[in-house]
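Q: Sharing a structure with you now.
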Amino acid sequence: MSAAPHLAPGADPAMIRNFCIIAHIDHGKSTLADRMLGVTGVVEARNMRAQYLDRMDIERERGITIKAQNVRLPWRAQDGQDYILHLIDTPGHVDFSYEVSRSLAACEGAVLLVDAAQGIEAQTLANLYLAIENDLTIVPVLNKIDLPAAQPEKYAEEIAAIIGCDPGDVLRVSGKTGQGVPELLNEIVRQVPAPVGNPAGPARAMIFDSVYDIYRGVITYVRVIDGTLTTRDRCLMMSTGASHETLEVGVISPDPHPTGSLSVGEVGYVIPGVKDVRQARVGDTVTTTRNPATEMLGGYRDPLPMVYSGLYPIDGSEYPALREALDKLQLNDAALTYEPETSAALGFGFRCGFLGLLHLEIVRERLEREFNLTLISTAPNVVYRVVMEDLSEVTVTNPSDWPGGKIAEVYEPVVDAMLLLPTDFVGAVMELCQGRRGVLKGMDYLSTDRVELKYTLPLGEIIFDFFDALKSRTRGYASLDYEPAGEQLADLVKVDILLQGETVDAFSAIVHKEKAYSYGVAMTTKLRELIPRQQFEVPIQAAIGSRIIARENIRAIRKDVLAKCYGGDITRKRKLLEKQKEGKKRMKTIGRVEVPQEAFIAALSTDTGKSATSK
């Protein structure tokens, strides 16, 4: 395979087509990519396996794509010419939209893939708008036409109405059987424009992904915009100004093949001899020290964390291992941020920032699976901006940082949410959104039986169990997509949980004033069941500042001190009972309640478990 013409360096840009596939989860994107690998012959039938491009175990198990992948495909089109197609496989999930935006910037065209049995979903629409913003050519395709439940005519009209094409132009393929895939590849060659760039100018390439390899350091996946990158040049990262020796340059088809150089329009990999992934940031521009470019490629923003959660090792001695594991994960995941923090209840750990709940869950699962750590994560929360009465500002990512004293106003992040659902469920979903302090912004009927609702919702209301509630109210038919939309003034308070009069920081939460009471009652009731009974009565209280809003008591265990008395004088028994009473009284004033680790895990996991399983 290495001698194949499509792997030769220095391809003519006019013969290159760079495209990506936009689809919702489960619409068959990875399966279609598998068929393309088979049809173009880069993977022999005997080596084929399902979801060939999804390398991580978690990706295969959940059937989702997390990291963007790319592969170089040779294709002889109808005109008899040999073309080179670069497929950049993108994730479909809302949490990984920054991966999508980078992949789109590396393409000229996008295949809009829609399940012929389900129709367009919210995330497909969101990514479609992103692609249109980036001026990509859209090739509409209906997948899974072999399904008995497929309704290609109906959904072709729906797609045509949204992107403004003729329903007859919507291609019909089956990723499972391979039907229609050669026609799709021919359409990509015909419709997607060839890449343009200056082959003689200074080299400029955009990093759209990077992975960490234990033997060779950071491997960056790049799309060359201008000039040529070769192994002879030292490469220069424009955002950091650091230069490195280029160890290897090549293409992926679908396994890496060194070619020695990459020229205009080509997609491949560059291995700069870097051990620290922060030196090779995704979205950065690579140039050469010999003939450096003067300006960076635009359009990249650092991904900002939306959700914060504390990660703590259950065994305190695993703290250094957790730090090392997070360092390694950050090499692959530019959006993960973390800083050390301590908790009186949970010991040493890290406050981590994530893009959303699925991101949080996947990072946690990778830490546990790839690094053999056992972790406990605190309830997720968002970033609040608190303005004090003296006009000083405090940014709060952790409930324990909530300032005391006089607070003038609190701002919370809001999102513009787009919900797609069957018309039968509009009432139930509107009721749900209003209960979550949502404001209706608009309502569009895509067809007679599908409606798109636009809401502005506080992010803090979505990250708990909103997705679960939405799915259960619509029998699983609704889909959700959201994007940040600034912040709004909110009436928020911090609810503390007190055990025996002492605050337990791990259970504190920032909630809306109207929901503070129900949170307090739920938490105190749950802890009463989880904390073992003591020799003395333990009050569990929920408080806002110094005002108690809910209380439960853990009843004391009574030891039978009269067991050893057989008959005898009543005063003897009374003396023992009085002595026990005194002891209990003293214990109540000086006794401490030890919350067992299991109770912490159960309380926090049931609190966040509703949301963690939601996606």
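Using the three backbone atoms N, Cα and C, a Cβ is placed for every residue, glycine included.
Since the structure is predicted, the reported quantities are computational estimates derived from the model, not experimental observations.
Swiss-Prot feature annotations, pasted as is:
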type	residues	note
DOMAIN	14-196	domain 'tr-type G'
BINDING	D26, H27, G28, K29, S30, T31, N143, K144, I145, D146	GTP binding site
Q: Within 10 Å of its Cβ, which one of these binding-site residues (S30, N143) has the largest number of other Cβ atoms?
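A: Top count of Cβ atoms within 10 Å goes to N143.
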Q: As a test of the contact definition, list every same-chain residue at least 6 positions from I145 (GTP binding site) whose Cβ is closer than 8 Å to its Cβ.
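A: I145 (GTP binding site) has long-range Cβ partners A116, P152, R172, V173, S174, Q179, G180.
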Q: Tell me the Cβ neighbour count for G28 (GTP binding site), meaning other Cβ atoms within 10 Å of its Cβ, over all protein chains shown.
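A: A 10 Å sphere around the Cβ of G28 (GTP binding site) contains 23 other Cβ atoms.
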Q: Summarise the model confidence on the domain 'tr-type G' (14-196) as a single mean pLDDT, whole number.
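A: Averaging the confidence scores along the domain 'tr-type G' (14-196) gives 73.
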